[in-house]
Amino acid sequence: MNQSILSPFGNTAEERVLNAINAFKNGNGVLVLDDEDRENEGDLIFPAETITPEQMAKLIRYGSGIVCLCITDERCQQLDLPSMVEHNNSVNKTAFTVTIEAAKGVSTGVSAADRVTTIQTAIADNAVPTDLHRPGHVFPLRAANGGVLTRRGHTEASVDLARLAGFKEAGVICEITNDDGTMARTPDIVEFAKKFGYSVLTIEDLVEYRLAHNI
């Protein structure tokens, strides 16, 4: 990727990651780009612990509509969330579990407020499987152990960022789309970030940062 296009968000991987961590600490979203040879997409990511209905509404409005809750394997086991399919043959092995809905406190489950309630229910310290109904309107994703050092995906990036910011290891993500419904690529993501004031970093930035600091 041409790094100069990302210079408004930091001249080095370290700067971009630190800016993103700081944004997360303040409960703000960040935009994460993956490799151009992979999905070549940008996801808007919020810490699950602090996401608001207003932020969820932005994900729904500007994203693909598939809002995902990225969580650890340990959390998936705590909630008894099996994989969506027995044999995952998707290109990037995206680890969807069955979809979820909060058992209490929601109406249809599809509104921004309802999806936030579902997320808050799922990441509660004392959450148990019966706190959730299946299926639902939130799509959990199981992050690979080791984060982006194991798998260079948006799922792992969101969990890593949450951990580095001092939050529970859970992030809420959605792919950003253009007004015509096509996927937003790097130039589109940069313009989107400038318009709304988001930090931008790449998954490779996060890999480089973690390796440099052994974290």
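The backbone N, Cα and C atoms fix where each Cβ goes, glycine too.
Over in Swiss-Prot, the protein carries these features:
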BINDING   Arg38, Glu39, Asp43, Arg151, Arg152, Gly153, His154, Thr155, Glu175  D-ribulose 5-phosphate binding site
BINDING   Glu39, His154  Mg(2+) 2 binding site
BINDING   Glu39  Mg(2+) 1 binding site
SITE      His137  site 'Essential for catalytic activity'
SITE      Glu175  site 'Essential for catalytic activity'
Which is it, of Asp43, Glu175: the one of these binding-site residues whose Cβ has the most other Cβ atoms within 10 Å? Asp43
State the three-class DSSP label for Glu175 (D-ribulose 5-phosphate binding site), counting H, G and I as helix, E and B as strand, and everything else as coil. strand
Cα-Cα, Asp43 (D-ribulose 5-phosphate binding site) versus His137 (site 'Essential for catalytic activity'), nearest Å, comes out at 18
Rounded to a whole angstrom, what is the C-alpha distance between His137 (site 'Essential for catalytic activity') and Glu175 (D-ribulose 5-phosphate binding site)? 16
Which number gives the other C-beta atoms within 10 angstroms of the C-beta of His154 (D-ribulose 5-phosphate binding site), all protein chains shown included? 29
